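Student: Encoded as structure tokens, here's the structure I'll be asking about.
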Amino acid sequence: MLKLINGRNWYAACVFRRRIVTSSEKLCLKAEASSEEDSTGADNPYFADFQKFHIEASPAQKLILSLGSAITTLLNPGRPDALGVFGETSGHSALQKMHEKMMMSSEGQLILTDKPRINSSTVDLNCLKKLPPNTLGRTYIKFLEENNVTPDSRTPVQFVDDIELAFVMQRYREIHDLVHTVLGMPTNMLGEVAVKWVEGIQTGLPMCVSGAIFGPLRLKPKQRQRYVNSYLPWALSTAANAEFILNIYFEKRWEQPMGELLKELKIEPFVES
Amino acid sequence: MASLIRRTLLLRTFCRAKRFTCHSQYVHQESAGAERMSNSSKESNETHFGFQTVKESEKADKVYEVFEEVAQSYDKMNDAMSFGIHRLWKDIFVDRLAPSKPCKILDVAGGTGDIAFRIAKYLRNSDGGGITVCDINQAMLDVGRKRASELGFSGMEWLQGNAECLSSIADNTYDSYTIAFGIRNVTHIDKALKEAYRVLKPGGQFMCLEFSQVQNENLRWLYDQYSFQAIPVMGQLIAGQWKAYQYLVESIRQFPNQEEFAGMIERAGFAFVRHENLTFGVVAIHCGHKL
């Protein structure tokens, strides 16, 4: 069955230059993640998570949180929770635009309906290890192992009041490592800044834009040269040409070969000049 | 009649006029056996956790979690929330305690050691001997122990225990029992008070420093606004914990006011119960003696 689906999609990819992702494809997802119930209401597991972590804050409090967390992040980059708070409290209009962009794509709409989560209890990491090399799933696992990161490190969204926008923010956080994988960027300063440019230009989130602008201030002179000569121009052109990162239903594409995926997403692999 | 006169004279000695408000009920002291629990929802085994209602059996775990989360940034947050005034409150508290050597002092809910270190300094005790710090939360004790070793107080004892049931401590052990900003987190305050009475020697002193009710209504409004609007925001920015600090400010409102708490102390068997307000009633020091 899987081969037949692959065969059909290979044909579709060849003829239409785009893989058709359907909600019936399931691979390397754990049981609780593969439910196909109508997930717009209280049935969706994200609803319970949202209720658990959501904090009511007045506009004045959000403003102070926004300013305070921006200062905290600048002074102490080792506080990921402060960065998250800054993103949530400053990103309302950006989140609305991101949501609109997702609604305009069929794949984005599917993600908004299913509200999938990426962590070790929804994604079967052992299954991903067994996939053929150069597939998205196998490359993702390799990225996690090489950079010593885990999909469980993303903090839950607390200060976004609308559940749909909160999910968009949560999804943005959870696919960050996959964006690294797809762009081929490591988790060092240069790689992070490049990813922030792509995310910043595509999403418009103030947190990403300010990370992209202030991040390079910490680069050493040699790194700054590489950044200016190679990383920055590549990041800017990728951001402009590539498909919107939030419209990629990664969980349905684990077995897709990387070359085909990058072509479909219009991402040129990075080459340092 | 003679004993009544003797007690009244002792009362006058202890009530040094303007500082303390004495509670005359102590003269008609009820027997230690007559207890009244003052927590709400006794029949349904529920209690408050801040403004939420939780099962009594769950409250201790939830409080434990709060303090585990805040332990590392506890001292920083205390300075930020009170603009450093908590240091003055604790200095005054130890001054009122006025410990003198030789003594054995039990500091309950004393986790990070603020009171214990001040007592050691007051006693000019170079290594903190004779002072036991007890806390239910190991994370808080760890922070305290680390600070103690940095300050050179190697003689202090660090004990993990529950204020409601100090099972590892024998009766009539300590000269003084102190509890600062801890008793409002206990599920059954009356049990903690009874345990305090049990572990104190006859003649021993119970001292409690705790948030209380601001007397002036206008100031109370300002204080409430500051508590509910600013403190959770500060908790999020400094410690990354909104909900833990929301709990802390809510728990202050759930705690009995000065007179009610004094009544509870009396019912636990203490005599000469008195209290003193600091900072317009934001905190109060309650004091009682075991006769």
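Glycine is no exception: its Cβ is also placed from the backbone N, Cα and C atoms.
Remember, TrEMBL labels are computer predictions, not curated facts.
According to TrEMBL, the protein carries these features:
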BINDING   A:His176, A:Asp177, A:His180, A:Glu192  Zn(2+) binding site
Student: Report the same-chain neighbours of A:Glu192 (Zn(2+) binding site): residues 6+ apart in sequence with Cβ closer than 8 Å to its Cβ, ordered by sequence.
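Tutor: The list for A:Glu192 (Zn(2+) binding site) reads A:Met185, A:Gly211, A:Gly215, given in order along the sequence.
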Student: Sequence gap of 6 or more, Cβ distance under 8 Å: name the residues on the same chain that satisfy this around A:His180 (Zn(2+) binding site), in order along the sequence.
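Tutor: Sequence-distant Cβ neighbours: A:Phe143, A:Asn147, A:Pro186, A:Thr187, A:Gly191, A:Val195.
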Student: What is the total of other Cβ atoms whose distance to the Cβ of A:Asp177 (Zn(2+) binding site) is within 10 Å?
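Tutor: Excluding its own Cβ, A:Asp177 (Zn(2+) binding site) sees 22 Cβ atoms within 10 Å.
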